[in-house]
Amino acid sequence: MEFFERFAVPHASPMIYASMVAIALVSIGIVVGITYFKKWGYLWREWFTTVDHKKIGIMYLISALLMLFRGGADAILMRAQLSAPEMKLLDAQHYNEIFTTHGVVMIIFMAMPFIFAFMNLIVPLQIGARDVAFPRLNALSFWLFFAGAMLFNISFVVGGSPDAGWTSYFPLAGNDFSTSVGTNYYMIAIQISGIGSLMTGINMITTILKMRAPGMTLMKMPMFTWSAFIANVIIVFAFPVLTIALLMGTTDRLFGTNFFTTTNGGMDMLWANFFWVWGHPEVYILILPAFGIYSEVISTFSSRNLYGYKSMVGSMVLISLLSFLVWTHHFFTMGQGALTNSIFSITTMAIAVPTGVKIFNWLFTMYKGKIRFTVPMLYSLGFIPLFTVGGVTGVMLAMSAADYQFHNTMFLVAHFHNTIIPGVVFAMLAGLTYYWPKFFGFMLNEKIGKITFWLLTVGFVLAFFPMYITGLDGQARRMYTYSEATGFAPLNMLSFVGAALMAIGFVTIVYNIYYSFKNSPRDIGSDPWDARSLEWATHTPVPEYNFARVPQVASSEAFWDMKKKGHQLFKGEIKDIHMPNNSGVPFVMGIIFFIAGFSFIFAMWVPAVIALIGIFVCMALRSFEQDHGRHIHVKEIKEIEAQYGEVPGNENRSHTTTRV
Amino acid sequence: MKIDHTQPLEYSTDQNQLNILGFWIFLGAEIMLFATLFTSYFIFEGRTGSGPTPAEIFEITPVLIETFVLLTSSFTIGLGVHAMRLGRKNAMLTFFGVTLLLGLVFLGVEIYEFMHYYHVGATYQTSGFTAGLLTLLGTHGAHVTLGLFWGLFIILQVKKRGLTPENANKSFIFSLYWHFLDVVWIFIFSFVYLKGMM
């Protein structure tokens, strides 16, 4: 039995035992359900082995929504614990674990897959490509992300969650102060999904550079593709830094090296530096694709070209450069000296300039436009003022002298939630609503969607604006409780009410999906929003090969110009289409990576080595494999096209109004 | 698969061109990876704690052998790719084989070097300096080890299936990888060993 003792949770509570039971029951339920409905074969053929960018995108989307609820449960527990002074809902250790997993889950396992979902779903369609450059690598990226996410999520029932914060600063995260395997989970799970992210970065850059439709020069790419391109460039340059930092953290914890220790020449601040050299670009990896989605949505629903296309691109390039030059602002108070702090203050404030350019571009896009207040547009309209508040408080934090007052208070927590929620989360929900019909063939209900939007917006303001005030009054972040005498209680209660409203808002999204699946009409045509770029020029739902004929592009809004100016997008005869074959290897590699990661976390070397060998065997098999894909023949394509009953691009369709 | 005969074999299909560009981007990521390792090494260089300093443990002989062997292997793989472009399969296989043998010698000497460090009391756990050094060298060595297997697989495939566009593409990409490891080694030689021994 001694062997199994290591898997026990060191700090168990009834809540964790209940979660164990719930996880076990749900897992058994899923397995039994799939077996009962005989869906294993279907799942294996259509999903586990798929290399289709659209299906991979949908799997990212489902994972991101699941993780949103996991991280959301953490959030509501935290707000409940702080809703009144001296609460006994969570103890200090449990609270530490929850704010740590909340941060990691939301950034790495919710926001990242959400943007990868949209990159996968939209980028190949927007550039008129059949798939990404390396479809099988794409599947491997997903399964590595998924393995990392699952690994991280079992931590709280097997061995204990990480508890050193999502930044996991050393020496706190070292063996002396974090004695459970929790931080091993942090190091290894993020490493595995990080490898997947890096591969997505390489894949997407190659796709965008080499696979654009004829006529689509770089400056004719739709704005979301531009934002995805720049975000992926940042990924390729930022993630290797994280890889090394995590490697060093892992060896410190597992092999007793002295990278981030305080003895024998170790340097704990190096972790903070490496972490933020990755971490700051990381937030731009999240926000730039979000900006891309807003650009698409705002120009579609204002019925106008995006204002200032070139300055949009230029500002994103500038943001991507500056993102690597600001990392020290995350620890102004840790003693770099006045000169260093001043330099990083200035670089940080400089980021406000290109971001401001983008804000004005969106405003000018709407100016004199015929604005339709659909759900995606509401999110975009909510985003602009709320995000601006977040940006302005960011400039306050950027002033290093003033930061000594703000640092480690709830003011900071309010600031970054104020950028991430209206910036990234609203964009993801706008994108979800906007692109839903393209992939599922029906629209989400607008009325429920608007209720969701208002619940989230009001909830957000109530939850986070009070934190600015309590933060300035001195409420420290990451404290699990406070005394009545501090006077923080009323505003924290208000925050809890806001968080509860947001929770209800997120539940209404699930209800909306269920309701619309039951009730929404299916004959929505291929362009239900009267949109502007290429992804709407193919059928709904999108056929496997995306476009029967490769589109010929003449402008950045090719589809709009086809509808309004009569540009012909699709010319010539239908030809055989080359498609990649499905493969089970990425899925198997995901499982092996999971086993390897789990073994490393618990320092079980024999299975760890066996699993690593398994990974190399998979790579060797791939090297020897001869797989030239397959062809979809003209006859088959014509049959599929006929089923859709219309060939977009050949004539103007009457169906261009928005269904609400 | 459309084959464009105006291009060199390794560039002759669309997928081949994608593979090469993708690999260049991967090398960009590798540059960041090694840049991070070099940065940390420079930070840890003087942080030896109670352990030995660089000058106390570096030995010039094995380092010179490693350098000479790896630089030569970069030259031979260049010859291999040249032979491949001329369509001379046997010459190419010979040069690739020589490259891998030289890589194997490099790895052997590096293992000797690591054992030497162990014997003089510079283990992975000794200090910030030894951890930084061994991680930098170890990451490079792990890349060489992976390259040995990868190169061997490519030789076997060329032998079995001939100089197809696919195999030419793999061989060319492998040569990029190998040259890259050589470039990294030049930096290690200059800024780790020479700097440390001066």
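Glycine too: its Cβ is placed from the backbone N, Cα and C atoms.
Features as listed in TrEMBL:
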DOMAIN    A:38-554  domain 'Cytochrome oxidase subunit I profile'
TRANSMEM  A:98-125  transmembrane segment
TRANSMEM  A:137-158  transmembrane segment
TRANSMEM  A:185-205  transmembrane segment
TRANSMEM  A:226-249  transmembrane segment
TRANSMEM  A:269-294  transmembrane segment
TRANSMEM  A:306-327  transmembrane segment
TRANSMEM  A:339-364  transmembrane segment
TRANSMEM  A:376-399  transmembrane segment
TRANSMEM  A:419-436  transmembrane segment
TRANSMEM  A:448-469  transmembrane segment
TRANSMEM  A:489-514  transmembrane segment
TRANSMEM  A:584-602  transmembrane segment
Stretch among A:98-125, A:269-294, A:306-327, A:419-436, A:448-469 sharing the most Cβ pairs under 8 Å with the transmembrane segment (A:489-514): A:448-469
CB contact flag for the transmembrane segment (A:137-158) and the transmembrane segment (A:584-602), at least three pairs under 8 A: yes
Seg_contact(the transmembrane segment (A:306-327), the transmembrane segment (A:98-125)) with at least 3 CB pairs under 8 angstroms, min sep 6: no
The transmembrane segment (A:584-602) touching the transmembrane segment (A:269-294) per 3+ Cβ pairs under 8 Å rule: no
Cβ pairs under 8 Å between the transmembrane segment (A:376-399) and the transmembrane segment (A:448-469), at least three: yes
Paired segments the transmembrane segment (A:98-125) and the transmembrane segment (A:419-436) in contact, 3+ CB pairs under 8 A: yes
Residues of the parent chain within Cβ reach of the transmembrane segment (A:584-602), under 8 Å, 6 or more residues beyond its termini: 6-7, 44, 48-49, 51, 136, 139-140, 142-144, 146-148, 150-151, 159, 181, 184-185, 188-189, 191-192, 250, 254, 608, 611-612, 614-615, 618, 621-622
Segment-level pLDDT (mean, integer) for the domain 'Cytochrome oxidase subunit I profile' (A:38-554): 95
